[in-house]
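These notes concern the structure reproduced below.
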């Protein structure tokens, strides 16, 4: 597939920069913000459904191929929660409230039952009605700490223990995180599918 530019279905400048770095220079990512500030309602019941919904919407708005990601944290003890509701886990009150709610939900839960994984699904559509979106999933396994640790990252990063580095994901520098994360793992697969390896 020969793509020179994609619209990223996100208004988040940090995510645009992170994904552009992972994608490399042969494909230019543009923000959907160039075309509309309206975000679609995420009505899907899975990461896959929401990623496809966002990609189709961005392609419809821009007339260009579009890439979307839907990501979140799935905690084993909580049956996969907060899952697709990760960003709104504490009713839209932000990262600190989400982290506090998660710590409260896992209060007194021992380390061996605090397994979790960050999940990322990337969906690429060639056009808004693409019958066969390209889907790539990345998982990053770890566990939830009892207290926040680290200054980098965002979201649940300060609570997510990375066993292969013996630290939280918020203690990893951006370049190291961009090699290990769920989003990085999904992007490796997408680059392969696009023939960019």
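A Cβ is built for glycine as well, from the same backbone N, Cα and C atoms used for every other residue.
Swiss-Prot has this to say about the protein:
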- 10, 11, 12, 13, 14, 15, 71, 154, 155, 156, 157, 177, 182, 183: substrate binding site (BINDING)
- 41, 70: Mg(2+) binding site (BINDING)
- 70: active site, proton acceptor (ACT_SITE)
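The structure, with features from Swiss-Prot marked on it.
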| residue | record | DSSP class |
| --- | --- | --- |
| 10 | substrate binding site | coil |
| 41 | Mg(2+) binding site | coil |
| 70 | Mg(2+) binding site | strand |
| 155 | substrate binding site | coil |
| 182 | substrate binding site | helix |
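Considering only the binding-site residues 10, 12, 71, the Cβ with the fewest other Cβ atoms within 10 Å is that of 12.
Under a cutoff of 8 A between CB atoms, and with a sequence separation of 6+ in the same chain, the neighbours of residue 155 (substrate binding site) are 73, 86, 87, 95, 98. With a cut-off of 8 Å between CB atoms and residues at least 6 apart in sequence, the same chain places 71, 117, 118, 119, 120, 138, 139, 140 near residue 182 (substrate binding site), listed in sequence order. Within the set of binding-site residues 10, 12, 14, 157, the entry lying nearest in space to residue 41 (Mg(2+) binding site) is 10 (CA atoms). Cβ-based neighbour count (10 Å, all protein chains) for residue 70 (Mg(2+) binding site) stands at 25. Highest Cβ count within 10 Å among the binding-site residues 41, 157: 157. If you take the C-beta of residue 14 (substrate binding site) and look for same-chain residues 6 or more apart in sequence within under 8 angstroms, you find 154. On a Cα basis, residue 70 (Mg(2+) binding site) lies 10 Å away from residue 10 (substrate binding site).
Straight-line distance linking the Cα atoms of residue 12 (substrate binding site) and residue 70 (Mg(2+) binding site), rounded to a whole number, equals 13 Å.
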